[in-house]
Amino acid sequence: MAGILAWFWNERFWLPHNVTWADLKNTDEATFPQAEDLYLACPLAFCIFMIRLVFERFIARPCALGLKIQANGPQKAQPNAILEKVFTAITKHPDEKRLEGLSKQLDWDVRTIQRWFRQRRNQEKPSTLARFCESMWRFTFYLYIFTYGVRFLKKTPWLWNTRECWYDYPYQPLTVDIHYYYILELSFYLSLLFSQFTDIRRKDFLIMFLHHLATISLITFAYVNNMARVGTLVMCLHDSADVLVEAAKMANYAKFQRLCNLLFVMFAMVFISSRLGVYPVWILNTTLFESWEIVGPYPSWWVFNLLLILLQFLHSFWSYLIVKIACRAISRGKAGKWNPLHVSKDDRSDIESSSDEDTGPPPTPVQKHHNSTTNGTNKVHGTNGYLSAGAPCLDEH
């Protein structure tokens, strides 16, 4: 283990030439970032998770109920042991052959079984109230941390002159404000990482898990390598758009249509301008060119900049998705109300079935037989008396 640690913390990788870890030990005159400082983030992440539970229960939930947001989720599927066994043990999306076999076994038509599986999948999705509470928690944290970052950074010289990020590097002392900023951001994203395993599983689980891992890695890398100054700029820049998107979601869940539209437009403008404009011109310029001129490259410098460049590619992809969502919303808005978040379906909590098709429990075999023999219009309007006007799944993102 000692050999592995010595290899991992190799000074020639992490630090500029002629700098050692001994040079960055804390003294009475100055304090520098230490890797062991980040251990504090783990228990703090648990505390933040518990604060979130209290916040959602006693603050966000009453606010949601006050806005007339319903606590009930999607309609529950009728209990059926055979279908439940298939759903939990075999597949949540049965193919045509399996549907036909279940239809013969249960004496239900295929359309009714498809509806059961849609309703059963929707049971695992969070209710609108739960999504509102989650968004309100994130909005509150992002608003606080972004406000803190702005108030802290406006007093620092490197906000106004990014070359200050590299003067005297890596012998830049760690201030209490920077330490607090990093530990709180790291703890929050650790809590999001942990909560993914306790929250309702969503279809973007893996994507968000990788996103949280990447964010945690970048924060840790910048702190340990004492690139803390430029790291604060990156964190504050990214928090700016997160505040608006969570606010737009809250307005969407509360059915404040005009406010939702306004907030989404503001979010799109801030996201695209900050990620495609400010980030490359301000952040990448200083990490790639100004640092090269003042400090010079070394192994971990290349890794850090590679991660930031990969982040820029993600910014471009996400900006494309935002523009695509906005264009689809505008084109559909010509025939009705414009709601970009309805077009995107919140990407994390799609309700697959339409409101027209999940209006009642599956019929019993007796009802099935009665409908098939007395209602000659079923072939036109649907099966078993269920209208099929809303048959297509609303999975439009």
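Cβ atoms are placed via backbone N, Cα and C, with glycine included.
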Stretch carrying transmembrane segment according to TrEMBL (options 236-257, 302-323): 302-323
Given ranges 28-46, 180-198, the stretch to which TrEMBL attaches the annotation transmembrane segment: 180-198
Same-chain residue ranges lying at least 6 outside the transmembrane segment (141-160) that approach it to Cβ under 8 Å: 177, 181, 184-185, 188, 229-230, 232-233, 235-236, 239-240, 242-243, 246
Surrounding residues of the transmembrane segment (205-224) on its own chain - C-beta under 8 Å, 6+ positions past either end: 14, 33, 35, 37-38, 182, 185-186, 189-190, 192-193, 196, 230-231, 234-235, 300, 303-304, 307-308, 311, 348
For the DNA-binding region (85-128), residues assigned helix / strand / coil by DSSP: 31 helix, 0 strand, 13 coil
